[in-house]
Amino acid sequence: MSRHHRVIPGLPLTLGYTLFYLSALVLLPLAALALKAGQMSGPELYRVLTDPVVTASLRLTFAASTIAALVNAVFGLIVAWTLVRYDFPFRRLFDAIIDFPFALPTAVAGLTFANLFLKDGWLGGVGGHITAGINALAHTLGLGAPLPADALDFLTFPYTGQTGGIVVVLIFVGLPFVVRTVQPVLLEWDPEFETAARSLGADSATIFRRVIFPEILPAWVSGVALAFARAVGEYGSVIFIAANIPGRSQIAPLQIVTRLDDFQYAQAAAIGVALLTISLLVLLVINGLESFSRRHERQA
Amino acid sequence: MTIEIRNISKSYGGERILRDIDLKINSGELVALLGPSGSGKTTLLRVIAGIEQADEGSGPVLFDDVDVSNVDLGKRRIGFVFQHYALFKHMNVFENIAFGLRAKPRRERPSEAQIREKTQSLLDLIQLGNLSQRYPSQLSGGQRQRVALARALAVEPRVLLLDEPFGALDATVRRELRRWLRRLHDTIHVTTIFVTHDQEEALEVSDRVAVMNAGRIEQYAPPQEVYEKPASPFVFKFLGNYNLFHGRTRGDEPGEALVRPHDIAIARDPNAAGASARPGVVTHIGFGGAVVKIELETEDKTHVDVEVSAPTFRDLNLKRGDKVWFALRNAQEYVPDFVI
Ligand SMILES: Nc1ncnc2c1ncn2[C@@H]1O[C@H](COP(=O)(O)OP(=O)(O)OP(=O)(O)O)[C@@H](O)[C@H]1O
Ligand SMILES: [Mg+2]
């Protein structure tokens, strides 16, 4: 932000207020967390953080969050583009639906997804449902049961309790972030730039890649960062769809809750600090990318 | 390349913005589209470019006698310069100019060395060779304008279309740039149309001026002719200051005569002012450098603006309240136009 041009008078006051606000709401709790983790001795801390169950949960959390964020990066952009650029029936309705993941209690989302995608669910069990149907039909025709029960299991979505299910719910909770950050930029976009590029002979792909995309890149990157951060911290919806087997399908937040349930506050805090540190590093890298791409965007 | 448009109309939401426009531009000509705000200049330029489609039932847009009405904007090989430049903010000057070359399909794309060479020569042409690494936000308005022009020229357009190219610049820069544009045009000879609402700019730079009013072309002629023989009261009024005299024509029709302030002779002696001189009283004197503006009031209380050169004014030695004689040297008479 510019220091030459103060819209709000009294920089010391506003700065002081900002620092106080940040400290009270963010820094203080974080410090408390670090302090709690610091109660452990060094070797003890090391032991907690290298526990295979813990490392596996951290790996799962970050892998699933990264995949979810990347999927949202692509599809969020497409959704935002479609909502802004095209007019179709119920566009406003779809636009409103984007905010659902914000409003819906995540546990409800988790339950819904579990019902749909798990092995017995409507979609997750689609292979089994079809097989059962065919066999029932054959049975009434007196043909016995021609198909083994697992004949169509290849149709089953590979979500059952594994990373896939986790990724799906994380995509769900992260979707609005990308859409809602990119959308305003596309709305503000002056079509004259596109006309200019077109008059210079550029085709649509080139125009998108070289003219439009660089313009939405900063917003897009922040949207992806937000979606990623949200996914890392997500708990409520994931535990309903994951099998939650320690060391295999348990996310880091669940590890923390488990430790808390065992009154091992310091251990929980230590895992929390690890989670935060890695997230912070990732976000710093993303922010670095963003400011790199914003480098020359001083308003004309 | 020649440009010809026939019978072009364009409506937005039922409102006709362009009405049956015909226009023919010779190869290598520099034509100004001049008219007040909202008269449809930009719309006409965009139809010629292919950014907008003319209404159903309009005639063709011909480039070198070939109908391009259905040719896509990107294929018409026009260079379009937008009023607000539309430079790509995240590309530096060099990349902005090279954009059209890099955007070509692979088969037609010049080599990197050729692109550099071409861009460099355009940078020299617009005299911004030393600023090639700057971003648009780091340039002055006039520099941005020239970059926009170079970017359009890079793809070797057959036609150059400029929408108020100097509209956003201050008076001095405008004057400098329009002379530069004229010299540029004299070196590259590409058929050019530029839009302006500044009559001085249109008259000074162009080979021919098309004066637009409410979606029509009122007159299309060389600058001198437009200025000296305006085809309609609108053109006369639009091209400069004027005095309006109501009177009767020879056929005793009611009519009006329009006279430029500098086409009125003024003297202290009725005989010196010329035949049919009328009396008036000086009510105001405005010094404007080489020209002095004098306001007179006649016996019937009408105001008359007169412009004289500074030396003439010195000889006259006028003061407010002086009684003088004035005569119309060159009046344009128009029977009032009842068609609105
Ligand atoms: N996309 C559009 N939709 C509806 N009306 C339009 C559109 N573009 C232009 N118009 C109308 O057409 C008329 C002519 O517009 P145009 O931009 O051609 O004028 P202009 O002569 O270029 O004026 P200016 O000197 O102010 O740029 C205006 O009344 C304007 O409101
Ligand atoms: Mg215009």
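Each residue's number is its place along the chain shown, starting with 1.
Heads up, the Cβ atoms here are built off N, Cα and C, so glycines get one too.
Because TrEMBL annotations are produced automatically, they should be read as predictions rather than curated entries.
Per TrEMBL, domain 'ABC transmembrane type-1' is recorded for A:58-286.
Residues annotated as transmembrane segment in TrEMBL: A:12-35 (among others).
Residues or ranges marked as transmembrane segment by TrEMBL: A:62-84 (among others).
If you look up TrEMBL, you'll see A:96-118 (among others) marked as transmembrane segment.
Residues or ranges marked as transmembrane segment in TrEMBL: A:159-179 (among others). Sequence-distant neighbours of the transmembrane segment (A:159-179) (same chain, 6+ residues past either end, Cβ-Cβ under 8 Å): 60, 63-65, 67-69, 71-73, 75-77, 79-80, 83, 98-102, 106, 109-110, 113-114, 117-119, 124, 220, 223-224, 226-228, 230-231, 234, 237-238, 241-243, 245, 249, 251.
According to TrEMBL, the feature transmembrane segment maps to A:219-245 (among others).
The transmembrane segment feature in TrEMBL is assigned to A:265-289 (among others). Within its own chain, the transmembrane segment (A:265-289) has Cβ neighbours under 8 Å at 30, 33-34, 36-37, 39-40, 45, 48-49, 54, 57-58, 61-62, 221-222, 224-225, 228-229, 232, 252-253, 255-257, 259, counting only residues six or more beyond its boundaries.
For the transmembrane segment (A:96-118), the list of distant contacts is 79, 83, 124-125, 157, 159-161, 165, 168-169, 172-176, 179-180, 234-241: same-chain residues at least six beyond its ends, Cβ to Cβ under 8 Å.
Long-range Cβ contacts of the transmembrane segment (A:62-84) within its own chain (Cβ-Cβ under 8 Å, at least 6 residues beyond either end) map to 91, 94-95, 98, 163, 166-167, 170-171, 174-175, 177-179, 182-183, 186-187, 216, 220, 223-225, 227-228, 231-232, 234, 251, 278, 282.
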